[in-house]
């Protein structure tokens with residue numbers, strides 16, 4: 001298979017990027033459900049990090065095992081490259097999800113998923129300054145403004161039914177997590193130019209997961225209530241991470257950051273719908289509906305093909 005042709009095909013990009021976002025969107029209700037199944041309290045930071053650590057350690061193992069089954073060598077890094085992978089694991093998995101898991105304890109799945117779209121703007125703006133072939137244009141700027149308006153709207157008027165007043169430990173931490181993901185995605189793209197994207201993904205997930213697990217255990221964290229349901233959920237979350245990160249890394253490796261990152265706007269859509277389905281959260285609040293419309297339109301503006309003026 002011609003990987004370059006496959007991962008740059010527009011139809012394949014839409015299908016694969018949408019799949020990644022659907023999987024990431026499902027993480028919002030999954031985490032909330034997991035807290036209940038594993039008896040993780042709102043203030044139990046250690047157990048939250050342990051939960052995240054188990055998930056990503058397993059995800060990394062899944063990706064590396066798949067690489068071995070595909071007869072790839074997983075011991076191919078120089079000392080410099082492995083140091084870069086460790087840095088990526090700390091940034092993209094450990095640090096990002098420290099903020100993400102804590103933030104999800106203090107907000108709803110609906111609001112958290114919409115606010116997560118913040119990282120998309122950061123990716124598009126950073127790409128403008130880093131890559132010569134990924135400059136801002138009118139569509140991108142307008143799309144970012146429209147999409148970010150949705151993020152602002154969902155946090156207006158403190159005591160709305162969509163989740164109450166803005167909380168720095170809740171919505172604020174989710175926003176920080178999204179920004180970290182955007183920065184680490186660009187760093188990861190640079191690393192995978194010289195290394196196999198799948199193997200980089202496997203190691204960074206595993207390393208980040210181990211860091212989270214150690215931190216969680218040091219803080220007294222533990223998971224209780226292992227049974228068929230809770231174990232199944234944990235395995236699903238590990239699989240969604242391994243599949244989504246592996247595909248996303250490949251897409252970023254073969255395409256412009258701005259072209260792929262815009263699909264992150266779909267995460268709020270899936271996160272909102274799935275949170276409503278599995279958690280019974282309200283999506284019929286007017287602000288939520290308006291925010292979702294703006295976020296979706298932002299994607300359309302950035303992704304549509306046309307003659308647009310590049311802004312240097």
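Our numbering is plain: 1 for the first residue shown, then up by one each step along the chain.
Backbone N, Cα and C atoms are what each Cβ position is placed from, and that goes for glycine too.
TrEMBL assigns the feature transmembrane segment to one of the listed ranges (33-52, 233-252), namely 233-252. For the domain 'EamA' (14-155), the DSSP-based tally of helix, strand and coil residues reads 110 helix, 1 strand, 31 coil. Using a cut-off of 8 Å between Cβ atoms, the transmembrane segment (114-131) and the transmembrane segment (82-102) share fewer than three residue pairs, counting only pairs 6 or more apart in sequence. According to DSSP, the domain 'EamA' (170-303) comprises 112 helix, 0 strand, 22 coil. The list of residues near the transmembrane segment (82-102) in space but at least 6 beyond its ends in sequence, with Cβ under 8 angstroms from a Cβ of it, reads 31, 45, 48-49, 51-52, 56, 169, 173-174, 176-177, 180-181, 183-185, 187-188, 191, 195, 200, 203-209, 211-212, 215.
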